[in-house]
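TrEMBL lists Cys606-Cys615, Cys706-Cys718, Cys708-Cys725, Cys727-Cys736, Cys753-Cys765, Cys755-Cys772, Cys774-Cys783 with the feature disulfide bond. According to TrEMBL, the domain 'Laminin N-terminal' annotation covers 123-367. Annotation source TrEMBL lists domain 'Laminin IV type A' at 352-548. The annotation domain 'Laminin EGF-like' is assigned in TrEMBL to 586-636, 706-752, 753-803. Positions annotated as region 'Disordered' by TrEMBL: 47-70. Taken from TrEMBL, the feature signal peptide applies to 1-27.
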Amino acid sequence: MRSRRQSFVARCALVTLLMLSVGAVTGIRQHDHDDMTVEEMLRRESRYVDGEQPNPTGPLPAGDESGVSDETALPVVVRSRQGRTRQIWRHHRPRHSGRQELKLLSGLTVSSATTDYEQQLPKASGLWPSFFNVALRATISVNATCGQTGREEYCRLAEGAGRSRGSQCGICDANNPDPEKRHPITNIVDGTNSWWQSPTLQKGAKNDRVTINLDLGQLYQIVFFTMRAAISPLPAAWVLEKSMDGRAYDAWQYFAADDTECRERFGLPAYTANYIFKSDTEVICSTQFSSLEPLENGEINLSIISGRPSEMITSPELQNFTLARYVRIRLLRMQSAEAQCSVAHVETSSYTTLKGWTVTNLAMSEHIVPTKDNDTGFLVFGMFEMPETEAVYWKAPEGYLGNLLRSYGSQLTFKMDWITVRGDTSGKPTVGPSLILVGRNGMKIAYGEESYDETGGATITVPLKEDSWYHVPRTVKDIITRLRRTEYHGDPVTRSQFMAVLTDVEVVLLRGTYHTDQVESVLEQADLFSGSHSTTDSSASSSGFIELCECPEGYRGTSCEQCAFGYVRIYETSVTHERVGRCIPCSMCNGHAASCDLETGECGLCLHNTVGTNCERCLAGFYGNATLGRPDDCKRCACPLESPSNNFSPNCQSRGGSSDPSEYVCTQCPEGYTGDHCEFGNTEGWRCERCKTGYWGVPDDSCEPCSCSELGALENVCDVTTGQCICKPRYGGRRCDECDVGYGNLDLDCPACACNVNGSASTVCNVVSGQCECNVGTEGIHCDRCREEFFGLSDEQPGACEAIEIVLGSIGIHQWNDSILGLAVDSHQR
C-alpha cells in the first residue's frame, strides 16, 4: 500500500519563458496599454523599420539591472519578398549554455532547460530571441507546504526493498532551525538546490490538491515551460494555467495519467507527444508527462507554441494565447506506486458454529467427523481414531474461510477441553501452534506454542495481527509433541505476508492435542470476530480499525486483495514462503469480460452488450466498436428512440468509414418507416397532419403503405384514412387482393362462383380460391359431383347426393353404368 506519508517534493525550475517582455523594451508602463490588443502592443513596441538594427543595450525587462544583452528579446519588423511586413524575433544567443535549476511544486523540480529547448526551436527562416527564466523574477505563493502546521514525517517511493526506512523517510518542519528540514515555496526561486515540498496525505486527501501561483510582475509572451521533480514522481493529474489580471485564468494545457482520467476529469480525449494542434488556441489533455516513472527527478519540457499552425510565423491569436503575467499550476492528484489506504472505524461482529467441523492432521491427509455430545452439544473426538498422529487439529468449516481482511486486528477465540487417561501416569502437557492458517497462495502460518495445565480445559484467544506469527515449513508433516521439538517454528511473518493469507484463507486449524496421555479432544466453541463499517467514530469497538485502500489499476477490495474487472491473477515462484500473485489484464477480451484463461485465451462471460470469442462484437440490437475497451462501447440502437414502444428496428450497425460512434444506420425499419433511424413516418403537410399519397393511417401514430394488389387494384393508391384501394371489377378487400362477393379464384381472374344449386349450401364461393361450400356427399370446386359411396346428384332433378345403403341378407346387385345413379344393394334374394 502506498505510504500516507508520501508527498510531492519539487525543485521547480518552473518556467523557462521565452519571447518579449511586453512593455519592457521601451519601458512603457503597463497601464499605458491595458486596453490595447496584443497586436497593437507588439506593433507599438516594434519601432524598427527595414534596414534598422535594434539596440542590443536597450531597456531590459523589469527587475533586471545588469544590462546583459543576451536576455534582450526585441521585435524586428522585416519585409517579405512580396512586400508584406511581418514581425519576427531576433535571437541573441545567451552567453551561458549550462542548465540552471530552480525549485517548485509539491515535490517537483523545474529546470530552465536552456540547452534542451534550443534544440526544439522552430527551424524557420526568421530570427528568434534569447530566452531566460522569468520564474527567477517572480513572486511565488502556495496554499500548502509540508511541515507548515507542525512536524511531519514523509517517505519517498522506493524501488524494491533494498532501502531501509531511514533512507526512505525524513522530517519536514517549517519551524526547525535546520534548513534541511524546511521546504518553503520560496526555495523554488532562490537559485539554490533546496526544494519545496507539499504536505503528506497522512493529513488528508485534500493535500492531493495544491495550487502554486506565480506573479511575473509584468506581461510576458511565454513559449516554454519546464518542471523537474526532486525526490518524488511528477504529478499524475494537474493543470497549467495563465492569466493577464490574476483573476480570470485560462488553461494552457491539462495533464492526466490516461484517457479515462482525461475524459472524466477534464472532458477531453487524451493525446501523447507530437500532437498537431488544430488552431493556435486549442487546449488539449496530455498523458505524456504523467507516468509514475521515474520515481525521482522526472522532468517536463513543454512548448506552448510547438505544433501550432502559426508556430513559424506568429499570429495575433498565438501572441494572445502565449501572453501572461500570472502563471498557475493546479496539482490535482499525486502519483502512487500502489494503493492509497486510509482507516475506517468499525463495529465488531462474530461468527460461530459447531457444524461442519472435522478433525485432521497437520498434513491434512486424514479427515474424521467428530461425535456430537447429546447432553452438551459439544464436538468430541477420540484420539484412538488417528493412532499414528501425535498432533491433531480441528479443521474449520467454510464460514471461517475466504476473505478475512475485515478480521485483521481482531481475534479468533475458541474454547477447548481434553480428557486424559485416568490415574497417575507419566504424561505431561505438550506444546504446539494454537492456530494455523493456510492461504490459497500456499503460505502456511501459525501462532502460539503454549502448554496448558494437565487438568484440561482452556479458552484461547489468538490475535489476528502479524505480531508473533511465524511460518510453518512445508517439510513439517506432523508435530512430535512428546519431545517438545520446535522444527515447526519458522521465520516471522511480515504484515504483507499476513495480509496475503487473510485475503483468501483456505484452511483454519485449531490445536486439538494438549497432553501426551490425552484420549479425547473436545471443541466447545469457536468465535471469529470481524469488523463492519461504522458511520461514527464512537461506535467502533474492540476491533479498532480496518484499512480502506484506493487501489492501483487492476486491483480492488478494501485492501486491494482482489483482481479488478478484466484482470486475472497469476502466481510467480518466490524464494520466500508463498506464491506471489499479480493481477494482469485480460487484454484479449477488450475489457468486456470479468476474467479469462491465459493458457487457452478464452474470455469469461462477455458483458457490456458484447459477443464473440474475444468479446469483439456488439450484440444484435446494439452498435459501436467493441474493441475500444470501454463499458459503453456498444450502445442500444435507437430507431429512432431506445424505448421499446418507439424502437422499430431490432438491429443497426455503425456507418462504414465513420469515426463518429454516433453514426449508425438502423437496418430493419418496418414498412411505414424510413430514414437512417426509422425516424420518418411517411407524412406530409405543413404540420405533418396527413399521410403521404400511397400511405394510410393516423399521422400522429403511423402511416402504413397502401400495398394495393397489382392483380386486383387499378393503382397503388388508397384512401388515406381507411386504406381502401380502388379495385377492378370482380375484385374486393382493402388491398383488392381477393375476389368480390359472388366471384372467386384469383388465379382465373375472379370468375363467377357457379356453385351447383343442389350440391352446394350457398351460391357464394370463397373469394380467393373460388371454392363453393359443398353439401354432405358432394365435392368439386363447384360442388357438382358426388363423393364415393354417394349417388343421386342431378342438374335436372332436385336433390343432393345420397349415401349408398347396404342391407345384410340375400344380396342382389344392380350395376348401373351411370355413377350418378350409384350402386344399389337389395336385401332380398330374387
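Just so you know, glycine gets a Cβ as well, placed from its N, Cα and C.
TrEMBL entries are annotated by machine, without manual review.
Worth saying up front: this structure is predicted, and the values here are computed from it rather than measured.
Sorting each residue of the domain 'Laminin EGF-like' (586-636) by its DSSP state yields 6 helix, 16 strand, 29 coil. For Cys772 (disulfide bond), the number of other Cβ atoms no farther than 10 Å from its own Cβ, over all displayed protein chains, is 25. Sequence-distant neighbours of Cys706 (disulfide bond) (same chain, six or more apart, CB under 8 Å from its CB) are Gly694, Tyr695, Trp696, Asn716, Val717, Cys718, Gly723, Cys725, Arg735, listed in sequence order. With a 10 A radius on its CB, Cys753 (disulfide bond) counts 24 other CB atoms from all the protein chains. As a summary of secondary structure, the domain 'Laminin EGF-like' (706-752) carries 3 helix, 15 strand, 29 coil according to DSSP. When other Cβ atoms within 10 Å of the Cβ of Cys727 (disulfide bond) are tallied across all protein chains shown, the result is 22. For Cys708 (disulfide bond), the number of other Cβ atoms no farther than 10 Å from its own Cβ, over all displayed protein chains, is 24. Closest by Cα distance to Cys772 (disulfide bond), from the disulfide-bonded residues Cys606, Cys615, Cys783, is Cys783. Non-local contacts of Cys606 (disulfide bond) by the CB criterion (under 8 A, 6+ apart in sequence, same chain) comprise Cys589, His592, Ala593, Gly612, Cys615. When the Cα of Cys783 (disulfide bond) is compared against those of the disulfide-bonded residues Cys708, Cys736, Cys753, Cys755, Cys765, the shortest separation belongs to Cys755. Rounded to the nearest whole angstrom, the C-alpha distance between Cys755 (disulfide bond) and Cys765 (disulfide bond) is 7. Residue with the densest Cβ environment among the disulfide-bonded residues Cys615, Cys736, Cys774, Cys783: Cys615, by other Cβ atoms within 10 Å.
A coil conformation is recorded for Cys753 (disulfide bond) in the three-state DSSP classification, outside any helix or strand. Here the candidates are the disulfide-bonded residues Cys727, Cys736, Cys765, and by Cα distance the one nearest Cys708 (disulfide bond) turns out to be Cys736. Reduced to three states, the DSSP call for Cys783 (disulfide bond) is coil. In this model, the domain 'Laminin EGF-like' (706-752) carries an average pLDDT of 91.
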